[in-house]
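K.L.:
Mind looking over this structure? Questions follow.
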Number of protein chains: 2
Amino acid sequence: MATEATQEAPEAYDALLDHYETISNINGASGILSWDQEVMMPEGGTPARSKQKSALSSVSHDLLTEEQVGEWLDELADADLTGEQEAVVREIRRQYERADRVPSDLVAEISEKTSEAHPKWKEAREEDDFSIFAPVLEDLIELKKEYANHIDPDADPYEVLFADYEPYLDLETAEQVLERLRDELVPLIDDIRESDAELADPFTGEFDVDTQEDLARDVLDTLGYDWEHGRLDTAPHPFSSGNQFDARVTTRFDPEKPVDAFMSTIHEFGHARYTLGLPRDQFGSPLGESRDLTVHESQSRLWENHVGRSRVFWEKFLPAVKERFPQVEGTPEEAYEAANEVHENNLIRVEADELTYHMHIVVRFEIERELIEGDLDVEDVPEVWNDKYEEYLGIRPENDAEGCLQDIHWSHGSFGYFPTYSLGSVLAAQIYDALVEDVGDVDEKVRDGDFDVIADWLESNVHSHGARYTTPELIEEATGKAFTADYFLDYATEKYTELYDL
Amino acid sequence: MATEATQEAPEAYDALLDHYETISNINGASGILSWDQEVMMPEGGTPARSKQKSALSSVSHDLLTEEQVGEWLDELADADLTGEQEAVVREIRRQYERADRVPSDLVAEISEKTSEAHPKWKEAREEDDFSIFAPVLEDLIELKKEYANHIDPDADPYEVLFADYEPYLDLETAEQVLERLRDELVPLIDDIRESDAELADPFTGEFDVDTQEDLARDVLDTLGYDWEHGRLDTAPHPFSSGNQFDARVTTRFDPEKPVDAFMSTIHEFGHARYTLGLPRDQFGSPLGESRDLTVHESQSRLWENHVGRSRVFWEKFLPAVKERFPQVEGTPEEAYEAANEVHENNLIRVEADELTYHMHIVVRFEIERELIEGDLDVEDVPEVWNDKYEEYLGIRPENDAEGCLQDIHWSHGSFGYFPTYSLGSVLAAQIYDALVEDVGDVDEKVRDGDFDVIADWLESNVHSHGARYTTPELIEEATGKAFTADYFLDYATEKYTELYDL
């Protein structure tokens, strides 16, 4: 189909797509360099690696903003294109416009400022002193507002920044979802805090890290990870990256938290499985690229939460755990409880359970939004942060290191990224519901070890579309409905009400 | 000094160097992609990786041949430059001219033809049928002659191709060296074949591959490899790659050949040590890049042969071997013998000992030279190959798989590469002699485990110059003499005469 479309396409289309393929390959190369830096590179390699990555990024930017790209796009504005071709042009146009509207001086200034911000943030966190980070954070906010203003002077600057991570969901929708999470989960979390229920935990003691790695490979085998097109490594901050031919997973191991390692592995598998499900014959075209962060995160969360934290998963997988770790005793039900315990006193986002996680996000979203709108001074961040934790989670950080300095994102100048984590979870529930609606008794199949039924459905309904549809279109296409928090809230309420006897 | 020079430089110089840094970083990124492909990439990643590498190579080529590069070079032709600046301009000019003179159609055609040649070569080798490879080899030869003709229509085409790997040693010098190796080593090898001497071999039996890897790390520790700026992995064809901040080593292990793994590790250490000795403050400039293949190979061979295959090395290192492998019995002298045994019946270049190795090279050099000059038909290669093996080494391959199909180089279109292996060995002996001349009793220091004295001398006299000098200038600078085979021939004759009681 794609080939046919290409044959009929206007010359400008072919030229544009060809040019874009080069850009996409340069960006892919940069992704390999990042993977290597996180996973393989000796520490002393940093100075060279920074320069290599910055050369790739500047070459990619130059190619994207070449005059002829604008000319091709102009030519194609009224051309007679197929739906797929229109999608390709839409995606390239969006990237072109965002790159073209921001002066390169500003791009360079932001890049320098983030290089400066990162060590300041690290130092501030180590010293537990927000004032070390505050001045550079203030500068970054100003620069990012300027950046947003270049892209769209008439828009809410936070909305413009949010669109760097999630271009197609409007901020109002996102905000409504996050508000519902806050309004409906806070009382649920309160109830859990007050409940007397004690969940089981068969995973106490020490778990050999090499054996945990074997087990992580077992999990990936069980889920059907394609080792011909992937690999597993460890990284301090687990991530997944690559393309449809080579999508790699990283995880990390803590001798005392084996369940965290399974879950992190399954989460990254979800990302990688999305990437591997992108159409191979569209490699280098937007049709062979994934939709943005909300959809990507929906895939990782679906596998992590709806599969990995389910009862049937533990029925299926606990024997494999016991084989690797004979010290583990207990029933699948107990393992299920352990995988779903709400950590009432946890202050750290990346260690949060499925439920309280969203309150960590809401805090960040509300604060960064006010920072960008100019409604909150940087110096007041620590207090507001702590107040919100108290309000939403009933706990108050005792210092900024475990409070507003815990995440790296702002030091990268990433404002508008956080919400996509929660939006992804919410979407995961909606997609999982559609999947069950479509294929029937998924639990039965998981119990039989048939995870392909899930992967195949996701591939057909989500992955294989690449960036053919915008996020709302893709959600509609895959689930038959507009984006809504209903499914997630129902799922979470039912699950935790039952778990905690509420 | 470099900073001072840059401040005084004409504007065109700064612009040129700045532009070159981007090119150099793109090429560096491509090097990481190649390392990853050999060492880490899952097999299924190939289609994407090929496109990424080809995008980088085409972007790098486009940047190098931009019109303004020619203009800057013109402007700088008569400019008043420091010696270092002149060297920078010389190196960039050379690359620019070679890239600019070859039409991009021809570059693309050669690239396609080598993509086609590689599987044909593989198939031919597997089927032991040269006729499968012959037609594509013929095409490649024609294309490379055309390529050479574009670069310099008045020159001997083989000389032009040789200059892709060794640009500054003239072919006449190279040829004289190779002829002397042939004329003086063939009789020595004959004598060894006729001698009754039996060398010891304390390394018989099976050697656990993981323990071999530990031992390879011991060797690298002993030699002073900087793990902050490097790493060791395994690869089917060991290589080293990287830059002065991150120079990595690969090796391979065979349970029956532990000495091969040490030697291969030491060899690659020599390459990496050269790379790590390049000046860091010149990263991205030709002054921070290594000289070409002859000099690079001289560094690996110096460490492999003059250090790793020496008596004192085994005095120092054998105890570490015995600690890892208690099964090893014998004296350092016996280990020394094992590391230097001449394999009289070996037909395979990469498994050859220090001495017969050069005959493998001479065969290839003589054949590829005649192929490019048009004095030999492709179809006659197998017979000529076998005849030459018989003449120089006294053995005749029984099939083409272990004859003229054993090496990958020609399928890559690499004609003129092979000689640099031998030239590197020859240069290693000359440099080692200068080192001993300069620092005195190197054996004594090796016995004390002081390998830094060697590394530091090489860094001062070879590495730190980057590409400041041409190859002959660098040889003169480091050794005080013009390039000569004298030192290697003396060294080899003395060593093997003694070993084999000739």
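Here, residue 1 is simply the first one shown, and the rest follow in order.
From the backbone N, Cα and C atoms, a Cβ is placed for every residue, glycine too.
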K.L.:
Quick check: of B:GLU256, B:GLU289, B:GLU297, which does TrEMBL put in the same Zn(2+) site as B:HIS267, B:HIS271?
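P.N.:
Site partner of B:HIS267, B:HIS271 for Zn(2+), according to TrEMBL: B:GLU297.
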K.L.:
Any same-chain residues 6+ apart from B:HIS271 (Zn(2+) binding site) with CB under 8 Å of its CB? Would you list them in sequence order, or say none?
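P.N.:
B:HIS271 (Zn(2+) binding site) has long-range Cβ partners B:PHE239, B:SER240, B:ALA247, B:VAL249, B:HIS296, B:GLN299, B:SER300.
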K.L.:
Roughly how many Å lie between the Cα atoms of B:GLU297 (Zn(2+) binding site) and B:GLU268 (active site, proton donor/acceptor), rounded to a whole value?
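P.N.:
Each residue's Cα considered, B:GLU297 (Zn(2+) binding site) and B:GLU268 (active site, proton donor/acceptor) end up 10 Å apart.
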K.L.:
Show which residues of the chain containing B:GLU268 (active site, proton donor/acceptor), separated from it by at least 6 in sequence, have their CB under 8 Å from its CB.
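P.N.:
B:GLU268 (active site, proton donor/acceptor) has long-range Cβ partners B:PRO238, B:PHE239, B:SER240, B:VAL249, B:THR250, B:THR251, B:SER300.
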K.L.:
Within 8 Å of the Cβ centre of B:HIS267, B:HIS271, B:GLU297, which other residues of the chain have their Cβ, at the recorded Zn(2+) site?
P.N.:
B:SER240, B:GLU268, B:GLY270, B:HIS296, B:GLN299, B:SER300, B:ARG301, B:TRP303, B:GLU304, B:GLY424
